[in-house]
Amino acid sequence: MTSRGHLQPWIALIGLFAMVALPLDSADPTLTLPRAGVLGWSVLVATALAIVAAIRAEQSGIAGVLLAIAAHLGAFVALHLLPTVAGHPGSGYLALVLTSWLLAWALVSELSAVPRPKGFDGLLLRLLVPFLFGLWLLILWEIVVVVLKVPSVLIPPPSAIGARIATSIPTLAADFRQTFLKAVIAGYAIGCGTGFLVAIIVDRIPFLQRGLLPIGNLVSALPIVGIAPIMVMWFGFDWPSKAAVVVVSTFFPMLVNTVTGLAAAQPMSRDLMRTYAANYWQTLFKLRLPEAMPFIFNALKINSTLALIAAIVAEFFGTPIVGMGFRISTEVGRMNIDMVWAEIAVAALAGSVFYGVVALIERAATFWHPSFRT
Amino acid sequence: MSAAAPTVRRIDRKPGKLVPVLVVTLAILAIWYAGAYWMNRSLALDVFARQKVVPTTEQLVDATWSMERPLLPAPHQIAVEVWKTTADQKITSKRSLVYHAWVTLSATLAGFVSGTLLGILLAIGIVHVASLEKSLMPWIIASQTIPIVAIAPMIVVVGYNLLNGQLGVSTDASRFIAKAMISTYLSFFPITVGLVKGFRSPEIMHLDLMRTYSASRAQTFWKLRLPAAMPYLFTSMQVAIAISLVGAIVGEMPTGASAGIGARLLAGSYYGQTIQIWSALFAASLLAAILVWMVGLGGTAVVKRMGMAR
């Protein structure tokens, strides 16, 4: 097939020869993949099959399955051998890692070329590619860190971070409760709520609209996290001061977006409302707020990220001895970098889930919008 | 609207923004003074009680607006502090706000420039390599939902240790590079996302036209995609420069830095120097406003020069 002109399988072929001939461990030249037992042989066979399939196969389905098996078997063997070769990898080991990675890349190219089926299968396929990317990021991270013996003070391997998460769940849960469930949620609700209400007032009074909006635009570009020390002074060390920072940083995006959204209704629709003799509130609730929904949800999504950042950074300025920002700054000081990464993993997960929930609500609330009507 | 525009169109011109903005600013200042009185009142009353003086209203108001360490300093106190630390100090002095602002600004600009380059390269890669888009783009979008600033102290400490401890770079240079790294990290996301959108913005008709000219991929890129992406580039650069300033400020907090706006904020919060915090905040805001404004100006100039101004 000429259309599938991928280069990766051909390079992988060179890698296959290197894997057969070169030693895995530079300290022990006799250890090669063919002598590493059943696992070694199965990797070689799977890789060879996958390369042939990727170059020759008419159907990308078979090639994809073979590539997936070969790449992940190779990765498994590489991780399996990792303790043996740590610090002194042979050229054969490098060939193994690089070849497996090339096969994974070829797999991603293969998957990208597949036409997307609709419905659930399409969703799975759409999630598969980024999942593979993330998985390989972790695999390569682990291999590079362990093989090069990077001190864990600099970057710990993912396995150490995973172990740390597993052993310190109570601490992580307490930090999560303090920062996310108290400061972020409260601040987010208050900030978005007041931003929304002020936007409606501003929209009612054109003078304010002209006077307040430029200032609002200016303020949303400012480094608002800087007010954290002041808020700590005003509201004390506990979570209300963090919530206050969150309120200020979420208020302006909400204000600006809602005012823009309220202006989005077509003049034709407004005229129609007028012919129905609809009063201000009826027009607001039945026409202009629904039209403003995409803008409001845009602000809600931006704010979901901003709120978490604001709360964590605000904790750098002083907290009771609990909280994600507190934990990050103290564990950095004590060189417990794996704990910092564990905390970051929790924050990333919380941020993504928060964003995802807002996005889902948006889908349900603005199902009529063109960007969701497929 | 340019001066040469026909006078007839001036009739439906929108009323200017200057007067409302001024009025709102004055209102904010008035509220600020009132707030300063209200928040500092109990502190001031304590002082008077210690001196066993019953203050008149005038004395009380005056006291709340001129406290040494107020809860909320009055605007003129901040102005005086800013004046004292800019005009009355040598620029090289550690007490000069200009010096601190420059320390932050240099890291911001270094990070912004490298972040912009990185973002542009990533965007070009994403637009031209299908597998890169499929695997990278979801992560770039997902990473937007991750509190990146939270990682800042770690990047600073790790980068600082790596450069200073392992590679033997000098203390100041390590600190500078660590801060610039955070700014880079923060600013390349908006650039990539905005540029990918921009590179995709040419209409199919235009792309087809390029094909009828039998233009190569590189020609299509240089002559169609890149010009079309310019407005997107500058819009995302405005976001990026604001966020890289935040990155540099946050990056100044953990490594025990003694210079920079972030260090100034932290020192102010340790010693309860409210006025110092507020003047550092003022400097940061001014810096952010100027940077965003300048990028916007550059964008307008480029777009106008390219004949794309609407």
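A Cβ is built for glycine as well, from the same backbone N, Cα and C atoms used for every other residue.
Under the heading transmembrane segment, TrEMBL lists A:36-55 (among others).
Residues annotated as transmembrane segment in TrEMBL: A:62-81 (among others). Sequence-distant contacts of the transmembrane segment (A:62-81), counting only residues of its own chain at least 6 positions beyond either end whose CB sits under 8 Å from a CB of the stretch, comprise 24, 36, 39-40, 42-43, 46-47, 49-51, 53-54, 93, 96-97, 99-101, 103-104, 106-107, 110-111, 114, 136, 139, 142-143.
Annotation source TrEMBL lists transmembrane segment at A:93-111 (among others).
If you look up TrEMBL, you'll see A:123-148 (among others) marked as transmembrane segment. Away from its own ends, the transmembrane segment (A:123-148) comes close to residues 75, 78-79, 82, 85-87, 89, 93, 97, 101, 104, 107-108, 111-112, 114, 116-117, 155-159 of its chain (Cβ-Cβ under 8 Å, at least six residues beyond either end).
Look at TrEMBL and you will find A:177-362 tagged as domain 'ABC transmembrane type-1'.
Annotation source TrEMBL lists transmembrane segment at A:180-202 (among others).
Here TrEMBL flags A:214-237 (among others) as transmembrane segment.
Residues or ranges marked as transmembrane segment in TrEMBL: A:243-265 (among others).
Within the chain carrying the transmembrane segment (A:306-328), a Cβ under 8 angstroms from the stretch's Cβ atoms is held by residues 171, 174-176, 178-180, 183-184, 187-188, 191, 224-225, 228-229, 231-232, 237-239, 241-243, 245-246, 249-250, 253, 339-340, 343-344, 346-347, 350-351, 354, all 6 or more beyond its ends. What TrEMBL lists as transmembrane segment is A:306-328 (among others).
Residues annotated as transmembrane segment in TrEMBL: A:340-361 (among others). Non-local neighbours of the transmembrane segment (A:340-361) in the same chain are 156, 161, 164-165, 168, 172, 175-176, 180, 184, 297, 300-301, 304-305, 308, 312, 324, 327-328, 331-332; each lies 6+ residues outside the stretch with a CB under 8 Å from one of its CB atoms.
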(request) Take the transmembrane segment (A:93-111) and find every residue of the same chain, 6 or more past its ends, with a Cβ under 8 Å from one of its Cβ atoms. (result) 6, 8-9, 11-12, 15-16, 18-19, 22, 24-25, 33, 43, 47, 50-51, 54, 60, 63-64, 67-68, 70-75, 77-78, 81, 85, 125, 128-129, 132-133, 136, 140, 143, 147
(request) For the transmembrane segment (A:36-55), find every same-chain residue at least 6 residues outside the stretch whose CB is under 8 Å from a CB in it, and list them. (result) 4, 6, 8-10, 12-13, 15-16, 19-20, 24, 62-63, 66-67, 69-71, 73-74, 77, 80-81, 96, 99-100, 103, 106, 110
